[in-house]
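Noted in TrEMBL for the protein shown:
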type	residues	note
TRANSMEM	28-49	transmembrane segment
TRANSMEM	69-88	transmembrane segment
TRANSMEM	131-148	transmembrane segment
TRANSMEM	155-174	transmembrane segment
TRANSMEM	186-206	transmembrane segment
Amino acid sequence: MAEGETESPGPKRRGPYISSVTSRSVNLMIRGVVLFFIGVFLALVLNLLQIQRNVTLFPPDVIASIFSSAWWVPPCCGTASAAIGLLYPCIDRHLGEPHKFKREWSSVMRCVAVFVGINHASAKVDFDNNIQLSLTLAALSIGLWWTFDRSRSGFGLGVGIAFLATLVTQLLVYNGVYQYTSPDFLYVRSWLPCIFFAGGITMGNIGRQLAMYECKVIAEKSHQE
C-alpha cells in the first residue's frame, strides 16, 4: 500500500469469540422456544386425552377447561419441557460424554410416539388394579429409556424429574387445583411418576437432537469463515 493511502472502509468482521458467543446465545434461545411450543402441544393433546377418560377432573366443559380454568397447564408444561430439553445436552457436555446413541430425527419421532402411546395406555387400558397398571407403565417407560437413550445421565435425570414433578403435582392436588379419580398414591395415581419419567426422557432426546443440529450449524459457519 502506497504512502498516504488509507485502507478503504468495509464491514468489520467480528472476532471468533464474539461470533461464537452470539451464535450460541441465539441458538439457545431458538431451542428454548421450539421446546416450549412442543411441550405446549403435547400438553394440550395428552391433557385432553386424560380429561376425556375422566382420569383428571377439571370443571365440566372439556374445551373450556383447557383454554380457561386449566389455561396454566400448557404454559407450565412448555416451560418444563424447555428446561428439560436444554438441561440434558448441558449435562452431557458437563460430563464430557456427548450422547451419540441413535441421534437422528426419525428415532426422536419414534420416541415421541412411544411416549404418547404410554400416556394413552395410562388413560385407556383397563387393569384389575392400579398396581398392575403402574408396573406395566414402569416397564414401558424403562423400555423407552433403554431403546432411545441408554445413558446413565438420562436415567438419573429422568428419575429426578419424575420425583420433582410428582411432588409438585401432589401439592397442586392437595391445594384443590384439580384432582385425580381413584387416587392410590397419596393424592394422585401411582403410575404418574412413570409418565413423568417417560416425558423427561422424550424431551431430553428432542433437546439433544436440537443441540446436535446447533453444533453442526456452528461448525459449518466456523469452517466457512
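Any Cβ shown, glycine's included, is placed from N, Cα and C.
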Proximity verdict for the transmembrane segment (155-174) and the transmembrane segment (28-49), three or more C-beta pairs under 8 Å: no
Of 28-49, 69-88, 186-206, whichever stretch has the most CB pairs under 8 A to the transmembrane segment (131-148): 186-206
Other parts of the chain folded back onto the transmembrane segment (28-49), taken as Cβ under 8 Å at six or more residues beyond its ends: 56, 62, 66, 70, 73-82, 84-86, 112, 116, 119-120, 123, 199, 203, 206-207, 210-211, 214
